[in-house]
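Since the structure comes first, as structure tokens, the remarks are kept for the end.
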Amino acid sequence: MSHIRIIGVPMDLGADRRGVDMGPSAIRAAGLSERLDDLGYDCEEASDLVVPNPEEVTDPEERKSRTDLDQKKTKYLPEVEEVSTQLADEAEEAIQENEFPLILGGDHSIAIGSLSGTSRAANVGVIWFDAHSDFNTPKTTSSGNVHGMPLAAALGVGEFEKPEYEWARAAGIVPERVVLVGLRSVDDTERDAVKQSNVTTFTMADIDEQGIENVVDQALKIASKNVDGIHVSFDLDWIDPTVAPGVGTPVRGGATFREARYALEAVAEANDRDSILRSLEFVEVNPILDRENRTATIAVELAETALGRKLL
Ligand SMILES: NC(=[NH2+])NCCC[C@H](N)C(=O)O
Ligand SMILES: [Mn+2]
Ligand SMILES: [Mn+2]
């Protein structure tokens with residue numbers, strides 16, 4: 001695949017800390033398309049999706065009148081639905097037109113759209129690099145933030161099974177083909193759902209014990225078994241905040257840059273072998289909290305790595 005469609009999603013309605021909507025600009029400013037052109041790709045810059053400003057959305061009266069309790073607690077759900085639907089269409093269309101969707105967040109709620117679009121165009125497994133399990137639901141969330149829910153939404157966990165959440169479910173993605181890598185923050189309210197689901201989890205302790213090589217190797221095998229390919233969702237807060245400070249929900253004890261780079265080198269190698277990579281996203285880059293665009297620069301380096309930049 002020589003065409004890459006860069007899809008910017010300036011979304012911050014799924015998280016509490018403002019600024020993550022500037023993630024796509026920060027990643028572009030760090031030289032993304034130049035670096036990918038240099039790798040021999042043809043980059044098409046789709047214009048950023050339109051995301052409503054929090055100041056102008058959801059009339060308070062209308063919110064009050066919602067009878068469904070879980071929708072009241074969850075912040076900006078109608079707007080997240082609107083953006084997810086646009087993103088799903090865009091990602092699906094890119095794959096159908098033989099382009100590779102490279103999706104730039106925005107907070108992690110955008111993965112709802114990426115997963116549903118990608119999974120409509122291809123039969124995929126998922127590797128999810130993240131400090132968090134993002135397995136809350138409108139009922140279990142204590143923050144009300146949708147960026148803590150995308151994986152549960154895609155898999156139809158809990159209330160996400162209800163008909164009104166059809167837009168959020170990723171048809172075709174099954175938990176057996178979903179692997180979470182790098183966990184170190186799981187809410188008490190989401191723990192049972194993670195454990196009861198059939199997703200595979202590798203915590204930071206698993207990485208310490210088994211080494212990144214082993215963990216990523218297993219993740220790739222599990223996610224890509226009996227499917228056409230994989231979607232990789234990369235939350236920059238997987239990396240330790242001393243290295244990637246520009247994220248809204250930092251958790252100490254994260255991956256080193258070397259581990260992150262190695263993980264994506266392994267993805268690239270598997271892709272060279274079996275062309276398994278169907279779509280890729282980098283989320284949660286928050287330039288307001290960053291230092292000299294370091295976190296966006298890391299996202300660019302990791303994108304290049306995943307897409308085949310070789311040292312030798
Ligand atoms: N994609 C993320 N950074 N998610 C952070 C989620 C934090 C917390 N578990 C919540 O549900 O609010
Ligand atoms: Mn996340
Ligand atoms: Mn996270």
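Each Cβ is built from the backbone N, Cα and C atoms, and glycine gets one as well.
According to TrEMBL, the feature Mn(2+) binding site maps to H108, D130, H132, D134, D235, D237.
Around D130 (Mn(2+) binding site), the same-chain residues at least 6 positions away in sequence with a Cβ under 8 Å from its Cβ are H108, L180, V181, G182, L183, S233, D235, D237, W238.
Look at the binding-site residues H108, H132 and count other Cβ atoms within 10 Å of each Cβ; H132 has the fewest. Around D134 (Mn(2+) binding site), a 10 Å sphere centred on its CB holds 25 further CB atoms from the protein chains shown. Each of W128, A131, S133, H147, W238, T249, V283, E284 belongs to the same chain as H108, D130, H132, D134, D235, D237, is absent from that list, and has a C-beta within 8 angstroms of the C-beta centroid marking the Mn(2+) site.
There are 26 other CB atoms within 10 A of the CB of D235 (Mn(2+) binding site), with all protein chains counted. The DSSP secondary structure for H132 (Mn(2+) binding site) is strand.
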